[in-house]
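Copied over from Swiss-Prot:
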type	residues	note
ACT_SITE	PRO2	active site, schiff-base intermediate with DNA
ACT_SITE	GLU3	active site, proton donor
ACT_SITE	LYS56	active site, proton donor
BINDING	HIS89, ARG107, ARG151	DNA binding site
ZN_FING	236-270	zinc finger
ACT_SITE	ARG260	active site, proton donor
Amino acid sequence: MPELPEVEVTRRGFAERIAGARIDAVRIGKPLRWALMVMPEALVGRRVLQVRRRGKYLLIDLDRGLLLLHLGMSGSLRFDAALPAPGVHDHFDLVTELGTLRLNDPRRFGAVVYVEDEAAPWAIKLLGGLGMEPLGDAFDLDAFHAGLRKRKAAVKQVLLAGDVVVGVGNIYASEALFLAGIRPTLSAARISRPRAARLHAAVREILARAVEKGGSTLRDFSNVEGQSGYFQLEATVYGRAGEPCRVCATPIRLLRQGQRSTYYCPNCQK
């Protein structure tokens, strides 16, 4: 599933290129997770003002209303002035005077939803429960520690939940916990402020590094140019079960948490 780094890489790939463009047509393919919530022709003639990101959602601001776009489990976007005819997995085209933004989503768990503003019921439903943005100034250490202290679940599960901090997917949670020296099974409520500070910094560092590397391509992800990310090639623990830790040489262990694979070093992480 595309996580925060992949969504941010996607946003940066087309945001400036589509800004100011007039919408000429909207094509809808097979049904996605949620309906568009507006007749496609109602968007024709409107202009794209900017593209923002909130967690794993892209917010495409129009001169009236906005589109909330989620890539789902397997989605990716392309933006080009001359795209080929839509393929079997191309389910949404936003055709503008500057190019077409196309959503390819084989599993169809993604969605594009129109709302009038961020106070609209669907916007609140999709965005209202999201935690802090980890890459901006709003990622406050005190609030982060307080959020952890309220949760008795394993810290990795809390990171994945998205209501304390958004966008920390499975690979990034494993990597951040290793960098912070925290065992993924430790109850979040037991994390002291100094350890929370290390994890806070580690989450920032890992996600920023992942964006710099173009995200991670574990299965389907590619950016708007069709290129894969390569952060996963530099992972310190993720995908390395049985291999020696790069710090202490202890074999990396694999366990299952909530149906997700967790990788950690039993010596470096306490």
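Every residue, even glycine, has its Cβ placed from backbone N, Cα and C.
Here the features listed in Swiss-Prot are painted onto the structure.
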| residue | record | contacts (Cβ under 8 Å, 6+ apart) |
| --- | --- | --- |
| PRO2 | active site, schiff-base intermediate with DNA | THR10, LYS56, LEU71, GLY75, SER76, GLY215, PHE221 |
| GLU3 | active site, proton donor | LYS56, GLY167, VAL168, GLY169, ASN170, ILE171, TYR172, GLY215, SER216 |
| HIS89 | DNA binding site | ASN104, ASP105, PRO106 |
| ARG107 | DNA binding site | GLY72, MET73, SER74 |
| ARG151 | DNA binding site | VAL158, VAL164, SER187, ALA188, ALA189 |
| ARG260 | active site, proton donor | LEU160, ASN170 |
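In three-state terms derived from DSSP, the residue listed as 'active site, schiff-base intermediate with DNA' belongs to neither a helical nor a strand segment and is classed as coil. According to DSSP, LYS56 (active site, proton donor) is assigned to coil rather than to any helix or strand. The full span of the recorded DNA binding residues, HIS89, ARG107, ARG151, taken as their largest Cα to Cα distance, is 39 Å.
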